[in-house]
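As recorded in Swiss-Prot:
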| type | residues | note |
| --- | --- | --- |
| BINDING | 84, 183 | heme b b562 binding site |
| BINDING | 98, 197 | heme b b566 binding site |
| BINDING | 202 | ubiquinone binding site |
| TRANSMEM | 34-54 | transmembrane segment |
| TRANSMEM | 78-99 | transmembrane segment |
| TRANSMEM | 114-134 | transmembrane segment |
| TRANSMEM | 179-199 | transmembrane segment |
| TRANSMEM | 227-247 | transmembrane segment |
| TRANSMEM | 289-309 | transmembrane segment |
| TRANSMEM | 321-341 | transmembrane segment |
| TRANSMEM | 348-368 | transmembrane segment |
């Protein structure tokens, strides 16, 4: 009998073992769809980004008008731009839900997979930040100025660091050029780290909603989960296309319709919605270095989560107290996101400070305490 090329060819064999004959737990829910959705987001962003880059000029005098030209004169340029801008939002929605799933179901106990995932989040945030600067609108320029300025809070080398990042004494042409170079490079780095992420995942196999070994009950990935992933894909593409076609500027800032002007500052400088929670934490500390450290900690804290797991059970499926804390944390993040979009005045300042405090308290103190308490209550 002739060998099956899918199982014998050196390259096809890898694809087969990763996407077709992959043994998968039989009970993973829709919360496990987001990994494949993130892969689709990345592919979409790279393709639309490449098409945009073909018409973009990374120069302060031409950047804004080159984006306008893409939207007005390039065949379907408006659609490509709208898909790229809103695709970023969906990328973040998917990654936040993916991380939330990981926390709820204890997937972080696969430490290598989790740590590469957090690195992916950080790289994605860097990519989105440098990408937001490229249209060279008012919010692009001032967002870049405010966020890069945070590096000046680093003791002793801060100012040098900022001027090195800027390529001058302010955000100007060299900054835009290097941000474009970085924005082009980073998605490919993300793709590379994604392969490492998957390699680590396939060492252990997927977790499942019960958090117990599923070795006794595995099914092939294809056709079961490939079909389920296509359903998830349809459910994501529908709102993405709806947003991109009907209200493409809903999540953007109106300030970005004004070309960048270093002489006039917008009344409220704020990042895109997916960074607002971190921005609120940054602003809640009335000290530059303290704020920067809190901002960094708000994401880097994810690296600590595996070390803070004190429960004898892996998932939160049968742990109602931890579930309550989890959803309080989720609500807390929504509050931080809202506060990040508000001006710095009463009562938003105090709400932001309380929400920031409870964010760190929940993750660092309450989760381990409640995990230990549940062990005692269940006599584990």
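Every residue gets a Cβ built from N, Cα and C, even glycine.
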DSSP three-state assignment (helix, strand or coil) for residue 197 (heme b b566 binding site): helix
Same-chain residues at least 6 beyond the ends of the transmembrane segment (179-199) whose Cβ lies under 8 Å from its Cβ atoms: 18, 38-39, 42, 45-46, 49, 53, 56, 58, 113, 116-117, 119-120, 123-124, 126-127, 130-131, 133-134, 144
Residues from the same chain, set at least six apart from the ends of the transmembrane segment (289-309), whose C-beta lies under 8 A from its own: 99, 103, 106, 108-109, 111, 114-115, 118, 121-122, 125, 150, 153-155, 277-279, 281-283, 356, 359-360, 363-364, 367-368, 371
Shortest C-alpha distance to residue 98 (heme b b566 binding site) - which of the binding-site residues 84, 183, 202: 202
Selection from 34-54, 78-99, 114-134, 348-368, the stretch that has most Cβ pairs under 8 A to the transmembrane segment (321-341): 348-368
Paired segments the transmembrane segment (34-54) and the transmembrane segment (348-368) in contact, 3+ CB pairs under 8 A: no
Residue 183 (heme b b562 binding site) in three-state DSSP notation: helix
